Each structure stands twice: as structure tokens, then as C-alpha cells.
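Enquirer: Following this message is one structure expressed as C-alpha cells.
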Amino acid sequence: MSSVQQQPPPPRRVTNVGSLLLTPQENESLFTFLGKKCVTMSSAVVQLYAADRNCMWSKKCSGVACLVKDNPQRSYFLRIFDIKDGKLLWEQELYNNFVYNSPRGYFHTFAGDTCQVALNFANEEEAKKFRKAVTDLLGRRQRKSEKRRDPPNGPNLPMATVDIKNPEITTNRFYGPQVNNISHTKEKKKGKAKKKRLTKADIGTPSNFQHIGHVGWDPNTGFDLNNLDPELKNLFDMCGISEAQLKDRETSKVIYDFIEKTGGVEAVKNELRRQAPPPPPPSRGGPPPPPPPPHNSGPPPPPARGRGAPPPPPSRAPTAAPPPPPPSRPSVAVPPPPPNRMYPPPPPALPSSAPSGPPPPPPSVLGVGPVAPPPPPPPPPPPGPPPPPGLPSDGDHQVPTTAGNKAALLDQIREGAQLKKVEQNSRPVSCSGRDALLDQIRQGIQLKSVADGQESTPPTPAPTSGIVGALMEVMQKRSKAIHSSDEDEDEDDEEDFEDDDEWED
């Protein structure tokens, strides 16, 4: 008997049915227009009419009407194709409670989505077969829906209501005297004897049981997007799950099963809260970010350091606080040299901004500007590198010509490799936050080097870890299973589709 029961599925497989008025080649072309996993259960040459507001029939198009079983959408459609151009002209889904009328043998009507629709058949034999295919399908769907609504155990039985009272909790049982305990236990036994014991006969059978969880998932319609929990929606967005997947019956069931296996909605939400990343730190460096803006807001050259305009620093040169603008202080021998020794690498930048008589000192100032605000401890530059010491000390008196300045600047640039040998320990300790920040910027060697691999690694573990990664893996397996199906699996899907026709409520 078991082998006999397993044989019914093969007859359920639907094959394409062509039109009697078309040639075999035209029918084959029609079948290719249906699409993947789509089968026409009946085909006929028709004219499509629609009723306008004046209740008059107006012709819309003509072509081949097909009763299409669309497996991907798990639904049935009436579609009209143009076999010459190979395109779809019109379609109407067979919705719930669809009514198909035939006032004439060749003229069939039904209610469309927007208006009353009619099919005018070119051949009455085709019209008869087409009507039979549609009515048989509607009858089968109606029987299945009624079968699902009726409970398997016959009529509904009223549920017996039983009042179960919780036993009273008294402290005498533990702390009272023995006499009270004995009397209390006797009264308790009498009370128990009076109560009627609950039996299976007193419990009614469940009826119209439907599992509607607070997840917002329904076996037939998928997830309810309007009432979906915000935290679950955030999880689905993180996993890249679309609304169409949440509404799909099979895909939504996979997601729902995953949530149940994980421990339910509350467990998933707790896991999400636990895995939520902490707020990012305000900044990576030690010095606060505010100091840089005021420093940059001052005059363009760093020497100003935001304390005042460029002109005042020259007058304050003897204080050694802002020695940067040495152009005005070339006569003073001590302040200019320290700037030269401190950081001459950036000289090329400032000479362009200060093309006055002594361009060499400004470049050196650019490098030292904020670094040497305290006293300039370093002694005058050694005579080793001729360009640097000569330029600041004798720049105003001995190098009036621009050609000499340019040559000195080039010499200083060439000797830049020697100037980089200044040890970091010899620099004065800066006391202000701004100076410390500038020190850190100039001392690029101390900055932590970040490898290229580290940049790409942080983002990867986050999305693929925990509950998010597990759900993404489930969805990837689901996607692979859908895209890797072959023709044999398609036929199995059709059988399941017939057995599991669940697109209606």
C-alpha cells in the first residue's frame, strides 16, 4: 500500500498545453515566453475586452491567453502573450474568491484588479477547454482551503474551564509551635479531600489552534513588516535581508526557525544588545583636538602660534617665546640660530611666503616655530654647515641680493639630510597643549605606524561574528540552495507546490 500511495505525485506534474489554432512551432515559441518554472495549463487565441466607466466593452489587445502556473511566485495567472514580438501584453492573478463567468460559450468574463474584464475566444472548443481548466483549478483551491479550515477531530468542543487555586503559604509550617502545625496539617488534608482531582476528561481538545508568535511571523504571509520589532528589523538590515525575503513564505520560515533555535526573540535581542559595539573613543592622540583649530586659525605661518599677529613676534624676539619671525631679528645672533638648528627641513615652504631680504631664516622658523617657545637652549649653529649659520647671522647685511638667497636656500635644502640628525631628547619640553601637539606632529617617527593589513581586518570580523554572522551564514546557504537547483529539483518543487498550495490566507 505504501508503494501505491507514493505514485500519485507523477500525474500532478503539469505539462505545457498549447493552442489548437497555433502550429507546433508557434506553440513551442509560446512556451519559451512563459519564463523559468512557469507552465501553461491551457492556451487559446483571444481578444481582451475591458469595461469602461460607461459600461461599454472596449477592445484592449489580442493574442494567446494562457492559464499559467508560476512556481517562483507560487501563484496562478491569466496572461496574454504576443507570439510575434514575444512579449507579455496583459496579466491577471487568480486572487482569492476569484469568480470565472461564461455568459457565452466564446465570451468569458471576470472581475479584474481595476475593472471588469472579458475574453473573446476565436474558437469555442478552445474556450470550453480553457474554462474547464480554470474552473477545475478554482475548485481544487476551494477544497484545499476548506480542508485547512476544518479541524481534523471533527466539530469543536467547548473548552472546560477549571479554577485552580494556588495553595496558601503560611509561616506556621516552619516557625509555629508543634500543636499549631498538627492542627494546620489536619485542616489542610481535609481541604485536599474536598477538592476534585483534575482528569483528562476535564480538559478539552484544542480547536482552531494557530501559532502567532510575537515575532510578527505568519506561516502563510511571512513577517508583518508593519508590526516588526525594531531590534529585529535592525538585525535583518545588518544581515542584508530584503523585505521581499521577509515576505517570502519559505525564506521567512528559515529565518523564523533560526530565531527559534537561537532561543526566541528575547534571546536574539539580548545577544544583539550584548554584541553592540561600545561608543568609539573621542580621539586616538593624547592632546585634545581643540588646540589645533585656534593654532591654525592664527596667521598662516606656524610661528605666530595664535598668540598674535606676525609683526609682534619680531619685537618679542628677545623673550625667546616666538622666535619664528627672524626676518626682523637677523641682527640678534642668538635667537635666529636656534630656529635653524631646531628644524630646517621645512625651510622651502616659508621662503616662498616671505621673499624679503633674509629668506633662509623664515624657513628655519617654520620648522621650529612652536617647538622653541621657552628659552632657546641650543647654542648657535656650528660652523659645519656653512649655509644655515651664515644665512641667519649675516643674511641681512651680507646677502642683499636675491640670487645669493636662492643659492643659500638650495644649499640648505641639499644639506637637509645632515640637519635631520638632531636628537629628540635635546628638544625643550613644551609645556602647553598646543606645543605638545605640534611636537607630536613634527616627530612623525613617534607616531604609531598602521599596517595596511590592519585597516582591512577590523571591519571583517564585526559583521561575521555572533548572531549577525550566524544569520548571514544561514541566508547564504539558503541563497545557494535556491540558485543551485536543477531541472529535476524544479519538478520536485512543482510537486511540493501542488501539495503545499499556501499563498492564500
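Here the Cβ of each residue, glycine as well, is placed from N, Cα and C on the backbone.
Swiss-Prot lists these features:
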type	residues	note
MOD_RES	S2	N-acetylserine
DOMAIN	34-141	domain 'WH1'
REGION	138-163	region 'Disordered'
REGION	184-205	region 'Disordered'
DOMAIN	203-216	domain 'CRIB'
MOD_RES	S242	phosphoserine
REGION	266-406	region 'Disordered'
COMPBIAS	276-364	compositional bias 'Pro residues'
MOD_RES	R307	omega-N-methylarginine
COMPBIAS	371-391	compositional bias 'Pro residues'
DOMAIN	405-422	domain 'WH2 1'
DOMAIN	433-450	domain 'WH2 2'
REGION	476-505	region 'Disordered'
MOD_RES	S484	phosphoserine
MOD_RES	S485	phosphoserine
COMPBIAS	486-505	compositional bias 'Acidic residues'
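Thinking about packing and proximity, how do these listed features fit into the structure?
Expert: DSSP gives S242 (phosphoserine) a coil state; it is part of no helix or strand. Less than 8 angstroms from the CB of S242 (phosphoserine) sits no same-chain residue that is six or more residues away.
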Enquirer: Averaged over the whole of the domain 'WH2 1' (405-422), what is the pLDDT?
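Expert: Its mean pLDDT is 64.
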Enquirer: DSSP on the domain 'WH1' (34-141): how many residues come out helix, how many strand, how many coil?
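Expert: Breakdown, helix to coil: 18 helix, 56 strand, 34 coil.
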